[in-house]
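As structure tokens, the structure follows; a few thoughts come after it.
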Amino acid sequence: MSKAQFLREYKLVVVGGGGVGKSALTIQFIQSHFVDEYDPTIEDSYRKQCIIDEEVALLDVLDTAGQEEYGAMREQYMRTGEGFLLVYSITSRSSFEEVSTFHQQILRVKDKDYFPVVVVANKCDLEYERQVQPHEGRDLAKRFNAQCIETSAKQRVNVDEAFIAVVRAIRRYQKESGPPQAVNAPAKSQMSAVGGRAAEKDDHVDKGCCRGCVVL
């Protein structure tokens with residue numbers, strides 16, 4: 001029986017400071033368009049179905065508040081998340097420094113020494129405003145035993161790759177710690193491939209876009 005006939009659900013949480021582009025990344029991934037102006041997010045949830053590495057994935061994506069006044073909500077979604085995108089803006093040193101705080105909170109809530117995360121350096125289209133160098137993001141991700149991916153929600157650079165990387169990290173983690181959650185698979189015609197052979201390695205990140213997933 002093909003791997004594509006099994007549907008696994010993954011609870012992804014997008015975390016980061018205010019104004020780093022968490023909602024723009026999420027909406028670009030889910031709906032394939034860029035939202036430039038919107039009210040600060042409190043909490044939005046999206047669902048999207050993909051095939052990643054020949055396995056069906058139902059992604060339940062939670063876009064969270066970055067503002068400090070909503071900090072009390074964080075532990076609640078950190079308890080339920082299976083993988084996290086830790087987002088900062090390359091144009092904001094302070095947002096980069098916040099990433100470690102978010103990561104420490106995740107490990108504390110999960111009571112783990114390691115948990116699946118991907119560090120996402122957003123707004124790479126604003127190179128002329130860069131405050132955080134690429135090697136700094138990579139070095140931080142190494143501390144978390146994670147991958148760092150530079151993205152642009154505006155230009156759709158590495159947006160899909162960032163979400164795919166989190167799913168792959170979750171799968172590796174689940175193989176070590178126990179079986180993943182599964183739900184009934186839909187008809188084959190509803191599925192679209194994401195992350196095929198060209199993206200099999202986690203460190204293969206470029207401007208290619210993987211589209212065509214089903215939004216639920």
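Glycine too: its Cβ is placed from the backbone N, Cα and C atoms.
These features come from Swiss-Prot:
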BINDING   16-23, 63-67, 122-125  GTP binding site
MOTIF     38-46  motif 'Effector region'
LIPID     Cys209  S-palmitoyl cysteine
LIPID     Cys210  S-palmitoyl cysteine
LIPID     Cys213  S-geranylgeranyl cysteine
MOD_RES   Cys213  cysteine methyl ester
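Gly16 (GTP binding site) carries a strand DSSP state (E or B). Within 10 Å of the Cβ of Thr64 (GTP binding site) there are 26 other Cβ atoms, across all protein chains. A helical conformation is recorded for Lys22 (GTP binding site) in the three-state DSSP classification.
A count of other CB atoms within 10 A of each Cβ picks out Gly16 as the most crowded of the binding-site residues Gly16, Gly19.
For Cys124 (GTP binding site), the same-chain residues that are 6 or more apart in sequence and have a Cβ closer than 8 Å to its Cβ are Ile90, Glu150, Thr151, Ser152, Val157, Asn158. Mean model confidence of the motif 'Effector region' (38-46) amounts to 68 (pLDDT, 0 to 100 scale). For the recorded site, Thr64 (GTP binding site), the DSSP three-state label reads strand.
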